[in-house]
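Student: Pulled the feature table from TrEMBL, pasting it below:
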type	residues	note
BINDING	25-31, 53-55, ARG355, 381-383, 460-462	GTP binding site
ACT_SITE	ASP26	active site, proton acceptor
BINDING	ASP26, GLU27, GLY28, LYS29, ASN51, ALA52, GLY53, HIS54, THR137, ARG151, GLN238, THR253, ARG353	IMP binding site
BINDING	ASP26, GLY53	Mg(2+) binding site
ACT_SITE	HIS54	active site, proton donor
BINDING	SER349, GLY350, THR351, GLY352, ARG353, PRO354, ARG355	substrate binding site
Amino acid sequence: MLTEMTTDPARRPGHSDVLVGLQYGDEGKAKIIDLIAPDYDVVARFNGGANAGHTIDTPAGRVVLQQVPSAVFHPGCELYIGSGCVLNLVKLRDELALLRTVGVDLADRLRISDRCAVVQPVHFLLDQRTGAAIGTTGNGIGPCYADRAARTRDGVRCNLQLRDLLEDPEGTAALMLAAVERELKEEADAGERLAAERERIAAMRESAEALRPMVTTDRTHLARRVADGARVLFEGAQSLMLDVVQGDQPYVTSSHTLPGHAYVGGDLPPRYHRHTIGVAKAVVSRVGHGPFPSELGAERSAAYFAEACRTGRGRTEEQAEHDPQQLLGSADPLDVGTALRMLTGEYGSGTGRPRRIGLLDLEQLREQVTLHGVDVVYLNKTDCLAHYRDSHYGGVPVQLAAAAPGEPGSERIEVLPVFDAEQVRAAVAGLPGLDGVPASMLAFKEYVEQRIGAPVIGLGLGPERDCTAEFARPGTLPAGLPAALPAARQAGG
Ligand code: IMP
């Protein structure tokens, strides 16, 4: 049971770290949070909503989490959903119910800001109508954030927060219904659909009531906890390249994914910030449309993805048609990308959609590290790089600069020695401890550090939490650490 904190002047204040994905999402942030959560008292979300998602296999069954912060399996961690998030109330209630079936009851551990915006039926409708051109997740995220900024439409409130639904359920439900009614009135089957929307709104009201005990009206909750010594980890949803301003419009999400924003959407003053932790992966993927400078197969891969979205083509079809090992040997980067997707399981966790695949883009990482002051980096999926051994590259290709339009860009790629797959497996078996990590992999780590200008403190060697070779924990580094290692300054320029 969490006890209410009173600010104790005798206690030293705690601190907060912010963890963000450095690429296009799906970097394995949840796995790293699961690893480092024991070092924190609170894990908090500050942006996004049910567009995020990760699957966790537990002895009691599989759970898919979208809105609850990732540290659910650490009973000592409080979980907090900050005011910068947008809530799908029905899905959130379902997530909590699912967690109870695997023995995790969050009733006393989860707090939700009453200022979170509620994703309304009209938002799903609009996202489903217009989101396909961007490749959104269809969760109503964009229209919800748009209404949050708009505040009113035709003089009527359109941004409805959780507190509205709890303080005036009747009036708030009426506003939601009116909004969706306006959008549906031209449709042939408006009557039928409106009946379904009424039911959806009723379910949202019920869900809000079920969540009420977890909702906090105390805006100083986190600030007081940290003032009293608590250690907070902010969990960024989506990733830096999908930020609404810094990403490439319009192929972005609608929230700020940047670490600085943790202190807006996460309800904590920035004075407690200690480290910014970045998570990247060695075989890069992107879902959704938009620029992807290191994409294997470039425009052809993007077109293949667009077609897969249209036709529903996914994992099953690719497995039926291709032998990945054969594709890997092809001189065509598109084939290599397809092979890597198949061999490393890069398909949407919910949809099964193929993800676009790209080379590890060190230039892009260097820019993100510099722009956001990333102190330390975890690099996941390094075990997957071993597949490049059988490709025409003959080693691990990394991208050092974006190819100019119309240029093949091969001169911007450097090929590094590939690690020995056997040794990597031995390293995994030998964990914890770094004795088993092959020298070639350590050389790779150092090369990456010099290129991106930040220390790599963990290498992901497999999907499980204990498959991470850790070199340091964020907390073991001195506060205010300069982002660049000495050697990075020469290599990065
Ligand atoms: P939205 O966030 O649903 O509006 O989608 C906008 C873009 O962000 C689309 O390209 C999505 O595929 C992408 N996106 C949103 N959430 C995630 C995520 O958690 N991982 C990866 N991509 C995401």
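Cβ atoms here come from the backbone N, Cα and C positions, even for glycine.
Mind running through what each feature is packed against?
Tutor: Its Cβ placed at the centre, ASP26 (active site, proton acceptor) has 22 other Cβ atoms within 10 Å.
Secondary structure at ARG353 (IMP binding site), as computed by DSSP, is coil.
Packing around GLY53 (IMP binding site) is summarised by its Cβ count: 18 other Cβ atoms lie within 10 angstroms of its Cβ, all protein chains included.
Cβ neighbours of HIS54 (active site, proton donor) (same chain, under 8 Å, six or more residues apart in sequence): LYS29, ALA30, VAL64, LEU65, SER70, SER349.
A sphere of 10 angstroms centred on the C-beta of ARG353 (IMP binding site) encloses 20 other C-beta atoms.
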Student: Go through the binding-site residues ASN51, SER349, THR382 and pull out the ones with a Cβ less than 6 angstroms from some atom of ligand 1.
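Tutor: By the Cβ criterion, which requires under 6 Å to ligand 1, the hits are ASN51.
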Student: Using all protein chains shown, find which of the binding-site residues GLY28, GLY352 scores highest when you count other CB atoms within 10 A of its CB.
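Tutor: Within the set of binding-site residues, the most crowded position is GLY28.
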Student: Of the recorded positions GLY25, ASP26, GLY28, THR382, which one has its Cα closest to the Cα of GLY352 (substrate binding site)?
Tutor: ASP26
Student: What same-chain residues, at least 6 away in sequence, bring their CB to under 8 Å of the CB of GLN238 (IMP binding site)?
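Tutor: Listed in sequence order: GLY21, GLY25, ASN47, GLY48, ASN51, ALA52, THR253, SER255, THR257.
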Student: Taking just the CA atoms, what is the gap between THR55 (GTP binding site) and THR137 (IMP binding site) in Å?
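Tutor: Between the Cα atoms of THR55 (GTP binding site) and THR137 (IMP binding site), the distance comes to 16 Å.
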